[in-house]
Structures are given as C-alpha cells and as structure tokens.
Amino acid sequence: MAAQFRSAMGVYERVRTEDANGDVEKASPDPKAGFPRSGDGCVVACDVEAAGPQVPDSRSASRRCGGGGESERRQRLVSLDVFRGLSVVLMIVVDHAGGIIPAINHSPWDGSTLADYVMPFFLFIVGVSLGLAYKKMSCRASATRKVLLRALKLLLLGLFLQGGYFHGVGSLNYGVDMQQMRFMGILQRIAIAFVVAALCEIWLKGDDDVNSGFSLLKKYRSQWAVVLVLTTVYISLLYGLYVPDWKYQIPTESSSFSQEIILVKCGVRGNTGPDCNAVAMIDREVLGIRHLYRKPTYARTKVSSSYLPSMSIVFLPQISLLLFLIIHFLSQQCSIHSPESGPLPANAPSWCQAPFDPEGLLSSVMAVVTCLVGLHFGHVIVHFKDHGKRTFLWMISSSFLVVLGLALDLFGMHVNKALYTCSYTAVTAGVAGILFTLIYLMVDFGGLRHTTTVLEWIGKHALTIFVIAATNVLPVFLQGFYWKHPENNILSLIGIGRR
C-alpha cells in the first residue's frame, strides 16, 4: 500500500507484468520480439529511464529485459527526487513560517507568493513521473485497474488526514463530525490529477515516431486535446455560470449553539472575487457548504477592484453593476491587519467568514492540466536522450507558459491560486518546468548529486513526511505528553499550541 501511495505522489515506479488476476508473472524471452512476453500475450517492455550518463549507481537498480526478470544497475533520474524533496521543504517552510512572514504565505486572493507554487510543483512532478512509469506497460486494462485503486486509496487517505479527524494544534479532541467533514484537500486533488493524467497516458498515445518537438506533440495530440477540453470547460463555467445570492451560518457571539444567518448578495456572472465566483458556488451546491474549508485565505484580504469580475468586458450589460460594486467595496476589508490575520473591521463584507475550499471541484480541473504539462516533460525524457535537446525543449515550453500566463494576467484573467485560474496554471507550470530543468542540469547532467543528498532523501519519502508535517500528526502526538493537566503539554510549554 505504501508503494502505491508513493507512486501516486510522483515517486517513480515501474509497471510490472501481470496476468489476468493481477499476479506478477515471470517473463520469458521472446527472440522474435527482442524483449520478453508474458503468458497472456501482453508485451513486457524494458522500462529504463534515460536519465543521463549510464553509470553504475549503488542506490538504484532496475529489471533487466529478458533473462527472467533479473536486475541490472543503472542511473536513476535523481533530479525528480530532488525537486520533490525541495517541494516538500517549501511546503513545510510556508506552513510554519507563513504566519510570521506574510510575504511567503498564500496570497489572500489575486497574485502569487512562494506558498502558491507548492501545489503546482507536486502536480507537475506527478505528471513527469507518470511519463516515465507508463512509457511501456504490460496490459492497459491491468494498468488502469491499478491506477484506479491507487487513486481511491489516496482519496481515502486524504479524507482521513484532512477531513477533520485530527483537530489540529491547540486542540486535544479527535474524531470527525460527519456533518461538517471536509471532502476535498491536497491529497484528494493529487488523486484526481493522478488518475486523469495516468488514464490519458495509458489510453491516449499515438503510434507516431518521435524525432522532433513537433512529432512529439503529434504523438500525444489526444492528450493535448484533453488539455484544451478541460481548459474550455473551466473558462466556460467560471465566466458563464450565473451566481445567485447565497447564505451561510456562523455561531453567534453570545452562544456557540445558536447560529447567525448571513446573506451574500450576488446575482452576477463572471465574477472572480471571493464573494460571487462560480468555483465556490459549484462546491457549495455539490459538496455542501458545511463540507468546505473553514479558514480561507481571503479572510486576510483587503478588497479592491481587482477582485471583481476581471472579464467584465465580455459581459457589457454588467458594467454599471461592477462600478457600483467597486465603489461599495473599495474601502472594505476582511482583516484590519491585512495581509496578516486579524479581527474583522466593523464594515467587513458579508462573505468574510464564509467557508471556501481552495482544493474545490472546478479549480481541480485546471490542476489536472498542470499534471498533464508535467507529463509532457516526462515524454521529453522518454523520447530524447540528448541533454541539450531535453533542455532546449523544456525551456521553450516553460518560457512559453510563463509568458502566456503573464499575458493572460495583463489582459484581466488574474493569477489566482484559490480559483486556479488559467494564468495561474500557466505561470506556475512554467516556473516548475524552469526549476526542474535547472535541477536536472545541476544533478543529472552536472553530477552534483552529493550537494542535494538531503533533498533526494526527502523526495523519496515525500508522502510520509507530508503526513507528519502537513497534517499535524507530530504536533498532535506531542500533545499527548503533559504534566498534571492536558493543557501543560510540550507544545504549550514552548508556545506552539497557544492561539
């Protein structure tokens, strides 16, 4: 089970030969085909990464084609592990230091900070690893079954860890209130992106020979068609759905048992602000408002005109309404210490305390696109063995994405992590590509692996570290040790558990 989770998180694993029952079969040589075939007639291919000079590496090994499944030593794509490890370190840093240094904390709404690149990095890495893991496979049906099972297990793990069982630092309570359980989360989003990208890689491949960048695009044209469809669906729903007025409940100041009903006025289309966007509306309608994240980043935001419908030029009849909203909200904010957390001002907008899930359903559509972009980078590794060619294709793709994202932001489709906008998708995927290329040149090409040993180790144990760090498992464990009273636990003594 642990190995399957590691695969879904982007830790590269090879596809094994299986029979109809899913059991591993011993491959037998087939002199005609030049590589082994299993007993059910499915091709068993030699699955070796072209990660640079093929030098002996005592820490990595792969199966040998033919010879009954014997192993041979060869070099691993270390840069992928290092990049994954770096992403985990960034996640830990922004989670624990973001409250102290707002500049690296998640952007309250539009714009991006260091924290906003962590999720796209993980999704990009998953895509790259899928390009390597499924470049050759035994049987499509068997591989599909394994992908669905791995995604399901990752979803269940996400529900357990992020659904509310661990109530967090500062609370000694455990268990899930099923009426308020959070359905979406980081692992759930990774599972969605993983299963879609993996199925695309298994079933949507052409038979074209690859000898250039154009032929590479042609071979995987069906996958790029999926990217186009997903992007079109996202844009159509985000800017086309009508968002009516809605309401939510919060506990009153006098009693936690009584609820105050707050009404949010909308009645618009194309709004990309925190109050009336289609992303949140879909989550409220499908998942239920009680099952959304209760500490959204926009609780720290200062509202400005940039948070209002950025595509208003498409919806000309709404211009008068937009001007009214801009004037009405321009001086209001959700935190008197924005961009830091703080008390609500007296004239705070009605939506400031509303739940909002940053890993919601519609925003996950573009998260899948990020994973598919990473898959393209994996294809470059598979089909091109020359370092220079790989670097050239990666930098061309990355630069194009960054320029595209900045252009979209300039023309009104703002970079926004909470909505996972198209501009945010392009910019973050492009930056991920550039960073991965630089790490590849330093580690796999330059041979400076010894300088990144710690990051490599972290990358190989990404899921375990994620569980410990991101879901407060370690702090909750430490809270169990106290002196005389539960409030006198280790975390409280050093000030971490206090709020």
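Here the Cβ of each residue, glycine as well, is placed from N, Cα and C on the backbone.
Going by TrEMBL, these are the annotated features:
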COMPBIAS  16-29  compositional bias 'Basic and acidic residues'
DOMAIN    76-199  domain 'Heparan-alpha-glucosaminide N-acetyltransferase catalytic'
REGION    16-37  region 'Disordered'
TRANSMEM  82-105  transmembrane segment
TRANSMEM  117-135  transmembrane segment
TRANSMEM  147-166  transmembrane segment
TRANSMEM  186-204  transmembrane segment
TRANSMEM  224-242  transmembrane segment
TRANSMEM  307-330  transmembrane segment
TRANSMEM  360-380  transmembrane segment
TRANSMEM  392-411  transmembrane segment
TRANSMEM  418-443  transmembrane segment
TRANSMEM  463-483  transmembrane segment
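Counting only same-chain residues 6+ beyond the ends of the transmembrane segment (82-105), those with a CB under 8 A from a CB of the stretch are 9-11, 113-115, 117-118, 121-122, 125, 300, 339-341, 435-436, 439, 443, 452, 454-460, 462, 465-466, 469-470. The transmembrane segment (224-242) and the transmembrane segment (418-443) are in contact, since at least 3 Cβ pairs between them lie under 8 Å (pairs 6 or more apart in sequence).
Highest Cβ contact count with the transmembrane segment (360-380) among the listed stretches 117-135, 147-166, 392-411, 418-443 falls to 117-135 (criterion: pairs under 8 Å). Taken together, the residues of the domain 'Heparan-alpha-glucosaminide N-acetyltransferase catalytic' (76-199) have an average pLDDT of 86. According to DSSP, the domain 'Heparan-alpha-glucosaminide N-acetyltransferase catalytic' (76-199) comprises 77 helix, 4 strand, 43 coil.
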